[in-house]
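Asker: One structure, as structure tokens, below. Some questions next.
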Amino acid sequence: MKELWRTPSFRWFWLGIFLSAVGNSFGSFGVSWYLLHRTGSGAIMGTSILSYYVPALISGLIAGVLLDRIDRRKLIIFDNVVRGSLYGLLVFLLSLPAVPVATVYIIMALAGMLSPLSSTGQQAMLPNLIKDKELLIKANSVMSAQWQIVWLFGPMLAGLAVTLIGPANVIIIDSISFFLCAACFLRVSYTYKPNSNISSQTKREALLHFWKDLVVGYRYIGTNSMLLSLLFFSLFFNMGYSPVELLPVYIQQVWGIGKEAYQGYMLTAIAIGSLCGSMLFIAKNWKYPIGVTVGAIICLWGLATFPLGFTQRMEIAVVCFFVGGVVFAPFNVLISTYIQKQVPNEILGRVLTANRSITGFGLPVGSFLSGLLASSLGMDRIFVYCAVLCMLVGIIAMVRLRSLQ
């Protein structure tokens, strides 16, 4: 572990992503509560989530090609500067009277289109910063723990900030964080080295046959049945997780208005649980098959969140989210490390974006459907149905992926 922190580039890499994640926790909180305060509609909240994630999934196909052809560090810097400017513009527009809700959708869509350059770029860039590949799972665990630290403080502080200065003004913190992230990546020592086996003729052919280049990641996944199954189960897990994205609606239905701080408590509980789970995972030399572990995580998440449909006590909900955080912690670490170790570096960007386009649809589609059904079914029932889905998917995954090491 010490070897990671002795590398200056890794430290700047970690800090840049950390600052961006802190800002994102404020930005997502601000946008969600702004829309709920203004419209009171869970469907509109779900649509805002859809407007961000769907463009990200579509543009991710092109981003994957760019990340395998152009300096990944420069693309990440470009993304952060432009997205910081977009969120700054959003703050200004929301300060004007009678701004259409569609304005939020448009800016969220533009930001979503750019986001794969960073979200996938950092995953593709990380193996090049770690000389000892045996440390890769530790590095991914450290990066995952970073998000838990953000969730530990971000939602609570964001909830307080929304109460004090209003949801629209909170978004400015997200805007600033993007510029800070770009500044940190300027300090990362990273030189893009294209694969030496790719000749200039091959590069020209890749440009001439750009659409063919887009499907390289899917083609690789399609030839690996176990990887395809792993991503398929991840898709359904993301759908089962999606009600968490509509916590403001859940809180308003169960406890009434004026309880914005409850979302902070619940997300902080997930963060504390995830941080504890990550620390246990980092400390332990994990020897269990990845397939069985992933299936167990999905199943246990369902068990942890099932009681949310039957309680009106906030402290019980907090405990449910804490337990869910503990079991969820290693999920993305295991999948990211597996892909990074299995996939050649020259196509890693395209495989990672193909992965995100397959698994990523689960969260926005699940959030959109949850928002549409929230008024008729109630968010408590939706949590129950999604918990049952996770338990069933997890059991099937443990059987199907039992040979995946």
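Every residue, even glycine, has its Cβ placed from backbone N, Cα and C.
Unlike curated records, TrEMBL annotations are generated automatically.
Feature table excerpt (TrEMBL):
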TRANSMEM  12-36  transmembrane segment
TRANSMEM  43-67  transmembrane segment
TRANSMEM  87-114  transmembrane segment
TRANSMEM  160-186  transmembrane segment
TRANSMEM  220-241  transmembrane segment
DOMAIN    226-405  domain 'Major facilitator superfamily (MFS) profile'
TRANSMEM  261-283  transmembrane segment
TRANSMEM  290-310  transmembrane segment
TRANSMEM  316-338  transmembrane segment
TRANSMEM  358-376  transmembrane segment
TRANSMEM  382-401  transmembrane segment
Asker: Mind checking which residues reach the transmembrane segment (160-186)? Cβ under 8 Å, same chain, six or more beyond either end.
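Answerer: Non-local partners: 12-13, 15-17, 19-20, 22-24, 26-27, 29-34, 37, 73, 76-77, 80-81, 83-85, 87-88, 90-91, 94-95, 118, 260-261, 264.
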Asker: Do the transmembrane segment (382-401) and the transmembrane segment (261-283) share at least 3 Cβ pairs under 8 Å, sequence separation 6 or more?
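Answerer: No; fewer than 3 Cβ pairs under 8 Å.
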Asker: Residue list, the transmembrane segment (316-338) vs rest of chain: Cβ under 8 Å, 6 or more residues beyond ends.
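Answerer: Residues 123, 136-137, 140-141, 144, 148, 227, 230, 234, 237, 265-267, 269-278, 280-281, 286, 290, 293-294, 296-298, 300-301, 304-305, 307-308, 355 contact the transmembrane segment (316-338) from elsewhere in the chain.
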Asker: Is it the case that the transmembrane segment (87-114) and the transmembrane segment (261-283) have 3 or more CB pairs under 8 Å, with pairs at least 6 apart in sequence?
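Answerer: These two segments do not touch.
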Asker: Hey, which bits of the same chain come close to the transmembrane segment (220-241), Cβ under 8 Å, at least six residues off its ends?
Answerer: 291, 294-295, 298, 301-302, 331, 335, 338-339, 342-343, 347, 350-351, 354-355, 358-363, 365-366, 386-387, 389-390, 393-394, 396-397, 400-401, 403-404
Asker: Which bits of the chain, at least 6 residues beyond where the transmembrane segment (43-67) starts or stops, bring a Cβ under 8 A of a Cβ in it?
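Answerer: For the transmembrane segment (43-67), the list is 31-32, 35-36, 75, 101, 104-106, 108-117, 119-121, 124, 210, 213-214, 217, 245-246, 248-249, 349-354, 356-357, 360-361, 363-365, 367-372, 374-375.
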Asker: Could you tell me what the rest of the chain brings near the transmembrane segment (290-310), counting residues at least six beyond its ends with Cβ under 8 Å?
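Answerer: Counting only partners 6 or more residues beyond its ends, the transmembrane segment (290-310) has Cβ contacts under 8 Å with 226, 230, 233-234, 236-237, 240-241, 250, 316-317, 320-321, 323-324, 327-328, 330-331, 334-335, 338, 380-381, 383-384, 386-405.
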